[in-house]
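Marked as substrate binding site by TrEMBL: R113, 136-139, 202-204, Q208, 255-258, R438, 449-450. The Mg(2+) binding site annotation in TrEMBL covers E132, N134, E356. Residues annotated as ATP binding site in TrEMBL: E132, K293, 352-361, Y363, 386-389, E413, K440, D446. The annotation domain 'Glutathione synthase substrate-binding' is assigned in TrEMBL to 192-290.
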Amino acid sequence: AAVRDAAAVAVDAALLAGVLMRTGEQPHASDVVNYAPFTLLPSAVPRALFEQAYAVQQDFNLLVDAVSQNKEFLEETLASTIKVDDFTARLFRIYMQVLEEGLAQTVFLGINRSDYMFDCGQDGTAALRQIEINTIAASFGGLASRTADVHRLVLKVLGKTEEASRLLPNNPAKGLALGIAKAWELYGSQRAVVMFLVEDVQRNIFDQRCVENELWNRNIRVVRKRFRDVFEQGSLDASRRLYVDGQEVAVVYYREGYVPQVYNQQNWEARLLLERSRAVKCPDIATQLAGTKKVQQELSRPGTLEKLLPGHPEAVARIRATFAGLYSLDEGEEGDRIAATAIADPDRFVLKPQREGGGNNLYGEELREVLEKIKDSPERTSYILMDKIKPQPALNYLLRAHSPLQVSKCISELGIFGVYVRQGQELVLNQAAGHLLRTKAIEHADGGVAAGVAVLDTPYLV
């Protein structure tokens, strides 16, 4: 009874706090909305691992920025992937074209989210293991800014006032907006706008509005445009300033553009126009390539971090301490051996294609079937293999519209938002900007909140 009462309070609190999404039935309308799915209770997170994740975020910001500026590294690392993965190849072609023409952009803005799980060892101790780093359209910074208040209230309703007071404040929306505002200011035109590049279907609009409103509060104008609008209304002037619908654009903040399905010929042309412009792209195409799974796997090779971050041995050590086992499936002896190992013992691994957005990874029997099929073809080089993380499950209630209230065995994933701004060669901003905890029932192998599998959560440090 107490749980049922608390759940009713929680749902109303989420609606009041603006933890919202548009509905699947009416994804274009904000006059019928529902709460974004979330856990009834905050989830226990080991304090030491939480602090470790925050402490390494500035190092990851440095690393992503270094990779994005290293043409040789990107060329070498992605050489095998672009032969078999058309999407990565097309991004890479735009990257090369823009470099050949000479970059018009002088201010660079990175907003990324580094995602981790807590790997439970044989002896029961947990270790922080990086799953991936998202360098484009890293979402839920807005709704995560509002979730802790809901959990605080739920704990009070359940008589846990002392526990409620221990939940950390968290405001990624403010941190992300700070980075965008800094880039806008360095671009140096008061008239220019920030353009959110958005999807055709915008169910997650409220998450974006949280960041947008922070910018309006700083008197920075925001417009929302799709690739199609850029294609139809976009142009560059003689000094490659970007104009869309007659307005000069200082910053292009991508919340779209990370999956192949959204690109038709005109969208590719729009993307090229944006990349050629002087506007600050978040991310620019080099930074999007820096977030590919193939780059992630290459970074884990001995000696790679030292080459990319010379003179930063402490940063290298902190980064390396978060890596899970990552393996290349490139053609040759090493790739053959790894593929054979995974086919023999598929439950040890996860097979990852070069895709963002959740719901793409392969596990278990499915992993074995796909590897069996492609093990002798160059296609396997479009994937990487990673050790499967084994977190300790915990019980919680996952609150979803129109779903029964029931207890589930769950696992959580912690994301830390990072923001950095570089002008020329000078890093003018580099910080962690808040966190996101997502939790899902253990029967779901893969998928995030937007993919409809995970739900929003708040860490309770233990």
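Backbone N, Cα and C define each Cβ position, glycine as well.
Structural mapping of features recorded in TrEMBL.
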residue : record                 : Cβ neighbours (10 Å)
R113    : substrate binding site : 26
N134    : Mg(2+) binding site    : 21
S139    : substrate binding site : 20
R203    : substrate binding site : 17
Q208    : substrate binding site : 23
E256    : substrate binding site : 19
Y258    : substrate binding site : 20
P353    : ATP binding site       : 18
Y363    : ATP binding site       : 15
K440    : ATP binding site       : 24
(request) Take the domain 'Glutathione synthase substrate-binding' (192-290) and average the pLDDT across it for me. (result) 97
(request) Quick one: of P353, Y363, K388, which binding-site residues lie within 10 angstroms of A137 (substrate binding site), measuring between C-alpha atoms? Sequence order, please. (result) none
(message) Given a separation of at least six residues and a C-beta threshold under 8 Å, show me what packs close to K388 (ATP binding site) in the same chain.
(response) D347, R348, F349, V350, Y363
(message) Is it possible to list how many residues within the domain 'Glutathione synthase substrate-binding' (192-290) are helical, extended or coil according to DSSP?
(response) 41 helix, 26 strand, 32 coil
(request) Would you count the other C-beta atoms found within 10 angstroms of the C-beta of E132 (Mg(2+) binding site) for me? (result) 19
(request) Measuring CB to CB from E356 (Mg(2+) binding site), give everything in the same chain under 8 Å that is also at least six residues away in sequence. (result) N134, I136, A137, Y258, V259, G291
(request) Filter the binding-site residues R113, S139, R203, Q208, E256, K440 down to the ones within 10 angstroms of E132 (Mg(2+) binding site), Cα to Cα, kept in sequence order. (result) R113
(request) Within 10 Å of the Cβ of A137 (substrate binding site), how many other Cβ atoms can you find? Include all protein chains, please. (result) 25
